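Below is one structure, written out as structure tokens, with a few remarks after it.
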């Protein structure tokens with residue numbers, strides 16, 4: 001079930017905590033405050049000489065950043081991406097203040113003139129968890145802020161255009177030029193480092209993660225490079241007016257929240273539920289609620305989240321289906337796990353995307369909330385492990401029984417049957433002797449006949465235990481041999497019969513043998529047909545007759561035993577027998593068996 005099913009529990013959405021309601025009110029007021037400041041800046045810039053259309057578009061871009069950030073913050077209160085987007089919108093507003101005629105406003109604008117570029121770099125390194133991970137990323141982000149704030153100082157301290165500002169020091173074009181070059185080179189180094197770090201992260205990411213990361217990383221890198229380079233590229237080489245260059249920069253800046261929204265809708269930013277919401281879900285008693293892993297995935301906003309359960313008394317972990325799983329190593333950067341404890345013992349682990357959820361404490365808090373529910377699912381998983389162990393044990397019993405059948409059949413064939421044949425030859429030699437009278441000769445002939453009868457019974461017994469044709473030539477040949485000996489018309493249809501596991505061949509043959517035996521004994525049929533088909537990793541055996549019908553699984557121990565045998569192998573036996581309309585017995589046997597059940601003899605496909 002999908003992770004969104006938490007919210008479908010009646011009343012759960014009403015369980016939002018006071019903290020989150022307060023946060024959402026704060027976000028609303030923050031949005032109104034930023035919009036109000038933008039409006040004040042807009043009115044303050046009216047006298048700056050900038051075209052009104054430019055100021056309107058610039059203000060709209062700032063609002064777009066803020067609205068997108070508030071949207072992300074609303075969906076995931078514990079993730080820092082929303083706050084970063086809002087911060088980016090604020091820096092865009094403050095950067096525009098440098099064009100104001102008011103000295104205090106222009107002073108702030110001079111300091112924040114290139115700040116939006118540092119925020120864009122920060123966004124690229126922080127997506128999608130909202131926190132910068134790794135020493136290289138942290139140093140690069142810090143360097144980006146230093147370039148945009150510290151190395152920005154010479155640009156307003158020695159620029160004669162900023163002579164009226166408090167930060168102005170002196171009219172020094174030489175220092176201004178040096179500062180400009182140093183800032184440009186440093187900014188280029190930051191972008192090169194960012195490109196390398198993001199490329200490494202993409203290479204290590206899973207395919208579904210790349211689907212989310214590539215649009216934002218690609219566009220973000222393009223935007224951060226385009227903004228400082230476009231003035232020289234478009235103005236100097238293509239002769240575009242300065243207003244057009246500024247317009248292209250604004251379009252590119254506006255595209256960043258659009259790229260972010262695209263990443264959101266491609267699965268990189270799932271809504272985060274609350275721990276209280278999760279608690280309400282656990283206590284709802286709803287029989288239709290989703291499995292616990294999906295609930296945690298919804299709350300933590302990680303679609304790849306998995307639960308692993310610890311097997312009691314062992315250092316082994318299994319999933320909800322009882323299959324053994326490995327926890328990610330500490331050296332992995334993309335996946336991490338935290339333990340879930342109950343009564344001082346670790347009962348399970350939450351495996352999550354470390355790029356998406358940077359704070360393990362949040363995962364631990366969710367684990368504490370769901371500990372009792374996890375323990376219940378752990379017990380269920382333990383039952384599945386026991387069931388699988390029991391099934392494997394029954395499979396071993398079936399294989400061992402088949403091996404004993406083959407051994408007994410071989411011993412009887414090679415031992416007692418050979419001795420009976422030799423005794424029959426000796427008796428025949430005595431009967432053919434000319435040195436004895438007629439009475440001993442008659443006794444010798446009768447003895448040979450009895451020995452022949454005993455040998456025939458022994459051959460029938462050997463065939464019933466394990467037909468030699470099945471051992472030597474496989475399922476198809478053994479089935480053909482069985483049908484050829486029937487006193488009624490029979491047919492065999494084959495489809496895609498290839499190598500089959502040993503236990504499957506034995507079970508399929510005994511199903512056919514039991515079915516045709518019942519046809520001869522009870523059905524009064526005139527014909528019987530057998531179909532052997534392999535499709536989608538499954539062998540299907542169908543035996544159909546035109547007899548009297550009315551058969552039932554409960555009526556005989558033979559069919560009941562075959563039902564159990566098919567169940568051991570993960571298959572099933574179906575009997576459809578309408579009175580007066582014949583009988584159809586179908587065995588469906590999966591071919592995916594453990595290695596010990598692989599074929600030890602051929603399938604016996606008939607040659608051309």
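Every residue gets a Cβ built from N, Cα and C, even glycine.
Whatever TrEMBL says is automated annotation, not expert-curated.
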Matching range for TrEMBL feature annotation, transmembrane segment, among 86-105, 246-265, 266-285: 246-265
Of the residue ranges 26-46, 299-319, the one that TrEMBL records as transmembrane segment: 26-46
Listed stretch, out of 52-74, 109-127, 139-158, 178-200, 212-234, that has the most CB pairs under 8 angstroms to the transmembrane segment (246-265): 212-234
Per Cβ pairs under 8 Å, the stretch of 52-74, 109-127, 139-158, 178-200 packing most closely against the transmembrane segment (212-234): 109-127
Whether the transmembrane segment (178-200) meets the transmembrane segment (109-127): three or more C-beta pairs under 8 angstroms: yes
Residues of the domain 'Histidine kinase/HSP90-like ATPase' (508-592) by DSSP state, where helix covers H, G and I: 31 helix, 31 strand, 23 coil
